Amino acid sequence: MKNLTVEAGDQRYDVLVGRLEDCRSRLVALAAGKPLVVVTEPKVWSLHGPRLEALLPCDPILVPEGEEAKDWPHLMELIAAFTERNLDRSAAIAAFGGGSVGDLAGLAAGLFKRGLPIVQLPTTLLAQADSAVGGKTAIDALGQKNLVGMFHQPKLVIADVSLLDSLDPRQLRGGYAEVVKYGLIRHETLFEWLEGHGAALLGGQREYREEAVWQSVAAKARTVEADVTDRNGARALLNFGHTFGHALESAAGLGTLLHGEAVGIGMVLAFDLSAALGLCAHDDATRVRAHLQSVGLPVTIAETGVDRAALLPLMRADKKNEGGAVRLVLSRGIGDAFLSEGVAEDVLAEFLATAA
């Protein structure tokens, strides 16, 4: 069991990388003598619910799978379910699923009675390595990804990589893109390690999965601690590939592209644009594209089938933008990302028109 403590402003919580069974006492304490209310998906509960129920009494609330759950109606249904259970502010809510479940449950917990404790029990590689840590919660609205949300830090995060054994290869690859992101933004040695071990990680090598999750959450924790509410620019680096990626997700229709797939393409585009602007070597962009492609991730706009003309208007709505400029996280090389002051729209339009 590995334990990392996150200091998020005046809030402090642990991220545990290990088996659920070894964390029983922590879960029982947070349940405070009541059944643990578990927000989860039907498939996740069918596969993994018995393991959780063997540890403590649970009260599952089932929500739809994936991005479909992240909308106003499902948020209100979840809040109604909390109301029906007459939950008070001592009641812990557990998000048991992927990033979408974590987003929805975290937002509902943050809003209900001005805040219930949330425990993140991520069951996908994307959620374990990235989204379960840091307190960002959101739903989609008006055709835009994560338009409505808030910061609501968890009380505890438990990442059990044995839960990843039930994922299909596409979901694993999508989560793997977020692991690669940490190597690309600040940790070239992690990217080098992934080049050598990524295929085995995706093939089921447990110790490699634990190492990748541990390295990712450690990197994210340091960034979150430096910029808890995404205001000073440090945390913006975590959005590497996401400005392009969110636009691709929205243009394709939310839920069509996996988030990690869109981010993977977005990271390739960010490196290609950085190289075109003379910020990094073309060899770096080629290396990133080659690695993501080697593990089976899409790496081009063409593979998505989206209308390129739809991307720039969607990118204008990105939360990082200020003063009318499209602010992208770009790169000076592998492990050296930075938040740009803005890229001229005519430059972006030309780049998007000709990008692979």
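Backbone N, Cα and C define each Cβ position, glycine as well.
TrEMBL names HIS242, HIS259 for binding Zn(2+). Of GLU178, GLU341, GLU345, GLU350, the residue it gives for the same site is GLU178. Note on the domain '3-dehydroquinate synthase N-terminal' (61-173): DSSP counts are 51 helix, 30 strand, 32 coil.
According to DSSP, GLU178 (Zn(2+) binding site) sits within a helical segment. Here GLU178 (Zn(2+) binding site) is positioned 15 angstrom away from THR123 (NAD(+) binding site), judged by their C-alpha atoms.
Around GLU67 (NAD(+) binding site), the same-chain residues at least 6 positions away in sequence with a Cβ under 8 Å from its Cβ are SER100, ASP140, LEU254, GLY255, HIS259.
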